[in-house]
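Look at TrEMBL and you will find A:11-227 tagged as domain 'Cytochrome b561 bacterial/Ni-hydrogenase'. Here TrEMBL flags A:18-38, A:81-99, A:151-173, A:193-214 as transmembrane segment.
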């Protein structure tokens, strides 16, 4: 049962599309404002404490105004953006996860099967990617294994870690939920992991955008706006 | 066609970054942006135990050096005179919506129920330092003054001017009567030095550093923050748009 190339198929559900765009805005605002917050003290430490007389494992350069929110130094406004959009990110993810369990999006589209992880299949998918073929002609609607693995990593590892490490930086949350600090190894470790997860999400976003362009930006963007996707030649 | 869309995807994000500053400059945008504070405060207060204690540490877990921040020395003639006499003439006034206004010397403060705690201090900038603080609980001082039931906030007035403006801070009654909220006169088993807020500073352990007012001169119980400073409850809140609720 092949779907012939050129056919328009419904690829993304409304909840997926809604969350995608809400989350895209949230991620951009959170990264921009997060880098401004980092500018206030661009040193990262491991453990519970860490300040100017302690040894950072990483000191970042000052992040330039074209990438930060706001563009000129203002920790207070950056925090306002960050803490408001943290709610959008957190509750958006929660709603999307609940909807995707209910409508079986996760089960149907993101379940990684053992055979997909065999070296032969992985190598086959690497070569397909190299040839810029990102879908299986026999089942064009399905995600390829690298899509699945990266979406699973972002949805179930990076975004939850981002939220937990964010909560662990709140002194009131630390008092109420001390297990956060046990889990993450202290507030400054949580801050470091928060930064590393943000870097990983930025890396994902760059690759994601590059692949959207390579796969055909009009078709891909339309499918995430309207749901309809044309099976490529 | 493809090129323009390609650039659309690429520049869309940057346009959004630039748009954020325009949004934040409009009154409506500011209202939405600033609504996050009350949402976060409401969520935290609703989802967490209001009496939860901040984590306390062992002596071997303390920061080797506890850095100073904000005002390092008030430097006013009045403060210099107090410091020259090792704060023997310093008094803390407790006023406002209380049955018995108090004027307390350091000896008076040491007669109240005391608490020593090794806690983590988190600056809004991102750094943390662990130190040992000691002093009377704020709750016991407020009880001695007979704080009235119509008081909703405690306002702390400091001896220092920060960038020419008087430093002050405020907390609500949830934090004021929290057992770890103390008026600290000692850091790491020594009298508080000038850099850390001598002779007395607030410790409000579940909030960020700027709430921990240093160089305390007076404490007032009030029903509203309106009419104090510019009405937002603190120096940073009034002048630099920091959140009044700094539990996050």
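Each Cβ is built from the backbone N, Cα and C atoms, and glycine gets one as well.
Just so you know, TrEMBL annotations are computer predictions that nobody has curated.
Looking at the domain 'Cytochrome b561 bacterial/Ni-hydrogenase' (A:11-227) alone, the prediction's average pLDDT is 96. Panel annotation: around the transmembrane segment (A:151-173), residues 86, 89-90, 93, 97, 110, 112, 143, 180-181, 183-184, 187, 190-191, 193-194, 197-198, 200-201, 204 of the same chain, lying at least six beyond its termini, place a Cβ under 8 Å from a Cβ of the stretch. Within the chain carrying the transmembrane segment (A:193-214), a Cβ under 8 angstroms from the stretch's Cβ atoms is held by residues 27, 30-31, 34, 38, 44, 58, 132, 134, 150, 153-154, 158-159, 161-162, 165-166, 169, 184, 220-221, all 6 or more beyond its ends. Panel annotation: around the transmembrane segment (A:18-38), residues 12, 60, 63, 67-70, 73-75, 78-79, 81-82, 85-86, 88-89, 92-93, 95-96, 99, 195, 198, 201-202, 205, 224 of the same chain, lying at least six beyond its termini, place a Cβ under 8 Å from a Cβ of the stretch.
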